[in-house]
């Protein structure tokens, strides 16, 4: 069966990939097309924008965190149900963890999908010809099926760009003009997911421009593909009968849909809000994803009932897995950017601070005694007085260098700055088993 599937990539970051992706998603949605967005890499924010654009959340495809077979299964699972699949790339086309490893280009080759190339034409005309020639010929396995130019001044400007495409042998599919009032600002930490809704009107304006200056019919025609058959059906793991609580609200919402699916295969999932709920559901495991607790410090701190119940759950040896913002919530306190301290659950004795913010980011592999688990780190906050907290495992980056990121352990509580990927259910089952087996002994742990 043939459907339209393509990757939107660019020579560099800030070329307009997100703007164009959102415009195409909305334009196709307005035409009545069913479309599934994807995001290359671990980013949580762009998939949320995708959902605003086409009412379907983007699904991450990441060659570092996901095994290749699982990645193909995931792509096929979602792509088979729609008419169009659109993958937004990350950074420059060949930018990977090491050279081009795990880059957008490698994803293109893994899934055998064509690339639609986005070039920022703000300060360039015919000089895009050698740029396109280089990207076209650098790796013959990458099929650049068309080019769309961003920030084009005039029709005469676009004429120069079209001539460059003709000489290089890549079809020009159109352009976006300057759309300063539709700029999608940098998705920095601190932007509330709810505030993404304000971009709805911007996305609609971008879509209107897409319809006027981009040949969508030609794009869909050039990107007809046979959907990759799943190497094996996504496994239906046996239900272990677990009751799993997941923190989900404005403060905690950084999670992969595949992670939630994996947890649902282990039992029943119960969402709760640390911001608003007063009663913690009776569960066997709590999953605290990351998010923006620093934007809701007062509300979280004022919900004494929930804080006390989380603390009691941990003391009673309840199992908790917490990532980044979830870990910050489990600390003694959270210090905001103005230096004000807000009391948190006090499961751990350390505090987190938004003062003297420093970006820490990168892929991570956690080496536990019997298995590795992968994820990524992205945060500006810092921990205070964490030196005496029990830690477990070692952490490595994508280049196999050991990093200082810590995995904290208190009774059956497991927490770190690392956002985990456990879309394959066996991973989360292994982690739960690890918590069970190491409940009372501190073997393999160190301070």
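Note that Cβ sites are derived from N, Cα and C of the backbone, with glycine treated the same way.
Feature annotation from TrEMBL assigns domain 'CobQ/CobB/MinD/ParA nucleotide binding' to 7-188. The annotation domain 'CobB/CobQ-like glutamine amidotransferase' is assigned in TrEMBL to 243-424. Per TrEMBL, active site, nucleophile is recorded for 324. According to TrEMBL, the feature site 'Increases nucleophilicity of active site Cys' maps to 419.
When the Cα atoms are compared, the residue listed as 'active site, nucleophile' and residue 419 (site 'Increases nucleophilicity of active site Cys') turn out to be 7 Å apart.
With all protein chains in the displayed structure included, the most crowded Cβ environment within 10 Å among the recorded positions 324, 419 is that of 324. Along the domain 'CobQ/CobB/MinD/ParA nucleotide binding' (7-188), the predicted structure has mean pLDDT 96.
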